[in-house]
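Take a look at the structure set out below.
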Amino acid sequence: MKLRSTAITRANSACLPMEDRGCFKYNGVNEGEEERKGGHGIPKVSMVPLIFLIFYEVSGGPFGIEDSVKAAGPLLAIVGFLLFALIWSVPEALITAEMGTMFPENGGYVVWVSSALGPFWGFQQGWAKWISGVIDNALYPVLFLDYVKSSIPALGGGLPRTFAVLILTVALTYMNYRGLTIVGWVAVFLGVFSLLPFFVMGLIAIPRIEPSRWLEMDLSNVNWSLYLNTLFWNLNYWDSISTLAGEVENPKRTLPKALSYALVLVVGGYLYPLITCTAALPVVRESWTDGYFSDVAKILGGFWLHSWIQAAAALSNMGNFVTEMSSDSYQLLGMAERGMLPEFFAKRSRHGTPLVGILFSAFGVVLLSWMSFQEIIAAENYLYCFGMILEFIAFIKLRMTHPNTSRPYRIPLGTVGAVLMIIPPAILIIVVMALASFKVMAVSILAVLIGFALQPSLVYVEKKRWLRFSVSEDLPELPDSSPVADGDETVPLVI
């Protein structure tokens, strides 16, 4: 990878004339053999694996949605997943499609925010999203062991459980090291295996469906915090795939299509078992906790279906882990390629993978695996909300300051329409953050403050030349983040 000094880059960017500043071109984002293999000679990710990578970034199947029924009953659970998909998932996926094709590189949302708000806020975006992703990933080895401890009781706690978490983390980390294309096809296999038993269970449930059960609701007995956090956790992270855009084959065409297909897969994968299972059996809300679908399967289909769903749940957690680690580690690589992190984060292994980023992410997972399930969900949601606020601001600002920029995919809305589109998810963000416990709020705010101190510290380290920072020559200069002054012409960005 060719590199250029960050100091030189900043000097050149500062003195670019108006007609050149903001005009940038991504080399290698073309069709043909060069596109199918990256500059490091590793095959890029094609459509089908990309769909399932997005599926696992966001969902991984209907495991963990049971708490929505426990919190609010079947009607609000079903309506909630429909409504949240419309007001949250669709806008986030659309923004990811537009911005991800505008900036098809591994920095993803970090580059979006840097382009609109400058490097300080770009770094804060990267820090908050990386911490959120690592917290999220700490959940999956724990969930995996929760599903298998019924067969192996020794994994329920103590040293055996601790060693099992470490062994799982090392094994799945090694899979990430071997290559993103391997992770992608593993995600395809795991996704099909995880969704099939729910399809079968739904067919078995159809003769027993009583539609009146869908209408059960008690607004005086709703755990709103659990309800909103469960919906939010199961329908977010659409933007995570943007940190892999540099590894995707022809991302300008592939990414928007993959996001749309994955949206149908995710939402359908939630609603189908919810609709069939809540109407096939009497709803006892207290029973609807994590893993309850396997109990439903045993009642409807017998032990064989129960075992299949348990195996699918365990393997699905592995799929969630490897895809989340991929996006987290490639994000660090993308930040290093932009000079935000030391150069060693941009080094690739012989398999083309970001070795240092993978190791850092794995260390974070082990460090945070002590947290409880509910604490993990609430903490990651809070930090994720902080990052999404920056993304929304960046999206609107780039629409206003660079309206004529070439966008391979553009949301068919003007600036006013774009603002109206993000108002509902912005309100949702405020509600989710307001419902956080004091402990979660304190820990999350502390993490944000660490990011505020870390960015200027890294700038100081670079200034003192204690570590080397470089910007990849394969990447274009980012557009000027300053607003367009009156009388200035908005220059289209050529991609």
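Backbone N, Cα and C atoms are what each Cβ position is placed from, and that goes for glycine too.
These come from TrEMBL:
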type	residues	note
TRANSMEM	45-65	transmembrane segment
TRANSMEM	71-90	transmembrane segment
TRANSMEM	159-177	transmembrane segment
TRANSMEM	183-206	transmembrane segment
TRANSMEM	261-283	transmembrane segment
TRANSMEM	303-322	transmembrane segment
TRANSMEM	355-373	transmembrane segment
TRANSMEM	379-399	transmembrane segment
TRANSMEM	411-435	transmembrane segment
TRANSMEM	441-461	transmembrane segment
REGION	475-495	region 'Disordered'
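Scored on C-beta pairs under 8 angstroms, the neighbour of the transmembrane segment (71-90) with the top count among 261-283, 303-322, 379-399, 411-435, 441-461 is 261-283. The recorded stretches the transmembrane segment (45-65) and the transmembrane segment (303-322) share 3+ CB pairs below 8 A when only pairs 6 or more apart in sequence are counted, and are therefore in contact. Same-chain residues lying 6 or more positions outside the transmembrane segment (159-177) and placing a CB less than 8 Å from one of its CB atoms are 141-142, 144-145, 183, 186, 318, 321-322, 325-326, 329, 349, 351, 353, 355, 358-359, 362, 365-366, 369.
Below 8 angstroms of C-beta separation, residues 92, 95, 98-99, 102, 109, 112-113, 115-117, 121, 124-125, 128-129, 131-133, 135-136, 229, 232-233, 236-237, 239, 371, 405, 415, 418-419, 422, 425-426, 429, 432-433, 436, 440-441, 443-444, 447-448, 479, 483 of the same chain, each at least six residues beyond the ends of the transmembrane segment (379-399), sit close to that stretch. Looking at 303-322, 411-435, 441-461, the range that has the most CB pairs within less than 8 A of the transmembrane segment (183-206) turns out to be 303-322.
Nonlocal intrachain contacts for the transmembrane segment (441-461), taken as residues 6+ away from its ends with a CB within less than 8 angstroms of a stretch CB, comprise 119-120, 123-124, 127-128, 131, 340-342, 379, 382-383, 386, 433, 467, 469.
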